[in-house]
């Protein structure tokens, strides 16, 4: 898997790029392309604004943002527009978290990662134009499933897709750090999209010590305040797979201290309906050290 690359074509590469175009169109396309390359804005990012989008029906809301269906006026391309008020972000002291999410998610391009297509802001709001995942949070589908859990083939498919997305993140020095069903979206083709990179970290050294994420998914080294690396995502993948198959996280408890203690002791109960293959997979990623 290659690392991210972005390159603007130049004049010398133009002939190579149009060689597969029918010969009768090549001269016209070459002439048009050369004119575009002479423009001072060629290769520069376009400054989007609310004028470029027609806002539609609300899709949902979170603690610091609201999401709307939106249409780009020129292309009619449909996006999910996340709108966050700067005052609310400042009040919640999460400005850095949002900027980190933008910085990381803009760079990631993988079929199982929700694309941040562009972003912009005005005096009072920040806008994130995201690709559509029309079936919403995977968490809702899990809770609405029979016995509040997925059958093993479905769980295996989702686990594989999330694992592939995480491998891509790690190759690009990104640790997600908050893997859970609420942060995974589902498309109309029944494929998952890893989302919500607000707690993610981009680090060349791949070593962190920040306590973050969701309590039921925390690995032992986070609980004990030790330094950790991208393997914390492997731990969370095992917990996620378990929740897919059982309907709850293995260390879930009404008391936070009891949850911490279960995590430290690696106290996991495997129900009888879980196959030996699933148990083996969860055990391997849980004991990644």
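Cβ from N, Cα, C; glycine included.
Counting Cβ atoms from all protein chains shown, residue 178 (active site, proton acceptor) has 18 others lying within 10 Å of its own Cβ. Classification of residue 178 (active site, proton acceptor) by DSSP places it in coil, neither helical nor stranded. Residues annotated as active site, proton acceptor in TrEMBL: 178.
Taken from TrEMBL, the feature ATP binding site covers 63, 82, 131, 132, 133, 182, 183, 196. Within 10 Å of the C-beta of residue 63 (ATP binding site) we count 8 further C-beta atoms, all protein chains included.
The annotation SUMO2 cross-link is assigned in TrEMBL to 180. Its Cβ taken as reference, residue 180 (SUMO2 cross-link) is surrounded by 18 other Cβ atoms within 10 Å in the chains shown.
Taken from TrEMBL, the feature domain 'Protein kinase' applies to 53-289.
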In angstrom units, rounded to an integer, how far apart are the Cα atoms of residue 196 (ATP binding site) and residue 180 (SUMO2 cross-link)?
-> 10
Sparsest Cβ surroundings (other CB atoms within 10 Å) among the binding-site residues 132, 133 | 132
Tell me the Cβ neighbour count for residue 82 (ATP binding site), meaning other Cβ atoms within 10 Å of its Cβ, over all protein chains shown.
-> 24
